[in-house]
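Shown next, in structure tokens, is the structure this report addresses.
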Amino acid sequence: MQAKIKNKRVLVKFSGEALAGDNQFGIDIHVLDHIAKEIKSLVENAIEVGIVIGGGNIIRGVSAAQGGIIRRTSGDYMGMLATVINAVAMQEALEHIGLDTRVQSAIEIKEICESYIYRKAIRHLEKGRVVIFGAGTGNPFFTTDTAATLRAIEIGSDLIIKATKVDGIYDKDPNKFKDAKKLDTLSYNDALIGDIEVMDDTAISLAKDNKLPIVVCNMFKKGNLLQVIKHQQGVFSMVK
């Protein structure tokens with residue numbers, strides 16, 4: 001019996017580093033194509049999809065500011081521009097396989113994309129378009145995890161999916177510790193007070209205040225995003 005799809009609108013957050021694949025920098029076209037096909041599987045199941053992508057495959061504001069030459073504020077703005085580069089790349093990949101898309105930026109770049117207007121974003125989603133949100137929140141000192149949570153709340157998402165390289169949340173890094181235990185469900189408070197890395201505290205607090213579930217899953221496993229939407233067990237962890 002096929003699992004019933006319970007969510008109509010979701011926001012999917014990808015890290016910029018994930019786009020680099022096995023490289024430390026840039027965009028791996030094969031990864032981009034894989035992500036696009038995973039998103040298409042959602043759209044084909046009548047799911048409205050928003051996307052936020054980090055910029056760490058190009059530059060991270062915190063890292064750029066560590067040398068003392070570039071101020072943190074400027075470094076963060078540089079990072080925001082990097083997310084727009086990734087957003088345009090994702091737009092191209094999605095449109096290449098037949099999806100209708102829009103990129104909306106929190107910083108005005110009218111020659112490349114729309115400026116972010118939440119009512120317009122919702123209208124695009126209702127018309128079946130995938131909306132990719134770039135430039136973070138438009139403000140320095142906020143992560144793209146926080147931006148993703150904010151956009152998810154603004155557009156009325158049923159949940160936010162953080163697509164990563166692991167299949168959920170663990171009590172310690174599963175890539176370093178063989179005895180790491182997967183946590184299928186945990187509370188917002190547990191995610192905030194523990195040493196478990198899910199999202200930054202601002203993002204988790206925002207999700208908690210607005211009762212927005214956070215799902216962590218493996219983006220590289222084919223069909224996994226759709227499985228998450230169908231609420232199949234064992235392929236993700238949830239904070240709620």
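The backbone N, Cα and C atoms fix where each Cβ goes, and this holds for glycine too.
Quick caveat, the model's predicted, so the values are computed rather than measured.
Here's what Swiss-Prot has on this protein:
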{"type": "BINDING", "residues": "LYS13, PHE14, SER15, GLY16, GLY56, ARG60, THR164, TYR170, ASP173", "note": "ATP binding site"}
{"type": "BINDING", "residues": "GLY55, ASP76, THR137, GLY138, ASN139, PRO140, PHE141, PHE142, THR143, THR144", "note": "UMP binding site"}
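Using CA atoms as reference points, the binding-site residues LYS13, SER15, THR164, ASP173 were checked against GLY55 (UMP binding site), and the closest is SER15. A sphere of 10 angstroms centred on the C-beta of GLY56 (ATP binding site) encloses 23 other C-beta atoms. Here the C-alpha separation of THR137 (UMP binding site) and THR164 (ATP binding site) works out to 21 Å. Counting only same-chain residues at least 6 apart in sequence, those with a Cβ under 8 Å from the Cβ of ASN139 (UMP binding site) are ALA106.
Reduced to three states, the DSSP call for THR137 (UMP binding site) is coil.
For the pair THR143 (UMP binding site) and SER15 (ATP binding site), the Cα-Cα distance reads 11 Å.
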